[in-house]
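What Swiss-Prot says about this one:
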{"type": "DISULFID", "residues": "28-33", "note": "disulfide bond"}
{"type": "DISULFID", "residues": "50-90", "note": "disulfide bond"}
{"type": "DISULFID", "residues": "53-64", "note": "disulfide bond"}
{"type": "DISULFID", "residues": "58-80", "note": "disulfide bond"}
{"type": "DISULFID", "residues": "65-70", "note": "disulfide bond"}
{"type": "DISULFID", "residues": "97-115", "note": "disulfide bond"}
{"type": "DISULFID", "residues": "109-127", "note": "disulfide bond"}
{"type": "DISULFID", "residues": "116-121", "note": "disulfide bond"}
{"type": "MOD_RES", "residues": "36", "note": "glycine amide"}
{"type": "SIGNAL", "residues": "1-27", "note": "signal peptide"}
């Protein structure tokens with residue numbers, strides 16, 4: 001076997017090993033990486049329960065809602081700001097309702113007659 005044939009064989013072997021390594025790794029490349037990197041968030045747990053507040057759940061920053069209504073801007077409701085610091089979004093418990101609010105129309109019934117989205121709440125007949 002000639003010297004150039006041996007070098008060609010080694011080069012082919014190295015290329016095959018690199019290809020095998022590339023195919024067996026679970027690397028994320030520029031186009032398919034999640035925002036925080038491949039180890040950032042497990043896709044099975046994209047949502048978690050929202051924080052609880054004085055008498056219900058946090059439905060947005062400074063908004064606490066429960067069976068007897070909603071509090072906005074109170075000391076207890078201001079605890080809900082902490083929810084925004086968590087990179088994993090929370091899932092508000094309640095029946096879905098639609099608002100006429102541009103860009104953010106899908107909300108949840110959080111109290112009797114009240115529908116909320118991330119930053120606002122309104123009276124909604126579908127939540128009775």
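Note: Cβ is positioned from N, Cα and C throughout, glycine not excepted.
Using a 10 angstroms CA-CA radius around residue 65 (disulfide bond), the disulfide-bonded residues that qualify from 53, 58, 97, 116 are 53, 58, 116. It is 10 Å from the Cα atom of residue 64 (disulfide bond) to that of residue 50 (disulfide bond). In this structure the alpha carbons, written CA, of residue 127 (disulfide bond) and residue 90 (disulfide bond) are 20 Å apart.
Residue pair residue 116 (disulfide bond) / residue 109 (disulfide bond) shows a Cα separation of 7 Å. Each residue contributes its Cα atom, and for residue 109 (disulfide bond) and residue 115 (disulfide bond) those atoms are 4 Å apart.
Within 10 Å of residue 50 (disulfide bond), counting C-alpha to C-alpha distances, fall the following of the disulfide-bonded residues 80, 97, 115: 80. The disulfide-bonded residues listed here (80, 90, 97, 121) include 121 as those with a Cα within 10 A of the Cα of residue 70 (disulfide bond). Separating the Cα atoms of residue 90 (disulfide bond) and residue 58 (disulfide bond) is a whole-number distance of 9 Å.
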